[in-house]
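Working notes, structure below.
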Amino acid sequence: MAVKKVYGTPACPATMRVLASMLEHGLDFEFIYVDLKAGDHMKESFLSLSPFGQVPVFQDDQDLTLFESRAIMRFISHHYPKPGKEQVYEAPKEQGIVAAWIDVEDHQFDPPASKLRTELLEKPLNGMSADKQVVAEEEANLARVLDVYEERLKDSKYLGGDKFTSADLTHLPNLYYLMKTPVKRLFDERARVSGWCRDLLARSAWAKVVDMVEKI
């Protein structure tokens, strides 16, 4: 019998996003490790699945292959809803709000968060120093985004509404990494944002993702 497959690198934020979605929905799958350092992602066999050579890739058991982590996340939440814990709304208005906040993460939160992750975590791991000017600029950019989040969370427990949805899940990889840096203070300084982070990072499915990452 065909099985669902996820190709990726566990510590890669995009792969983590898909793993979190799979585990939140209770899906069984085979994880296939892609060694980026060895150039596995640029081999023809992988490019036939992901033409831009990026992880992750998702294959379901019905001959569907998807790349781009947020597209995969959206597909999973719509196609495999977990009864009683659906991450989508049936009402178009409510689902439109969720979709908007997924895009906010992609276009507003992710750019400064990813740059800070690179400067504060990835560069030191590779023997390089962080660019202090870049860090200062991106901290300011992220702070402005978190101010918007703090205001939004006055109205609902989660970004997309009163239940956990993909609009929240999509933030988890960068939250996980940023909590390991001095940038954590930007979250701690905002009470509602801080509580929202604690809630997300304490989810049992996310703990399983972290376990996969930390075993590598």
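Each Cβ is built from the backbone N, Cα and C atoms, and glycine gets one as well.
Database features (TrEMBL):
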type	residues	note
DOMAIN	2-84	domain 'GST N-terminal'
DOMAIN	91-216	domain 'GST C-terminal'
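Note on the domain 'GST C-terminal' (91-216): its mean pLDDT in the predicted model is 97. Using DSSP to sort the residues of the domain 'GST N-terminal' (2-84) gives these counts of helix, strand and coil: 30 helix, 14 strand, 39 coil.
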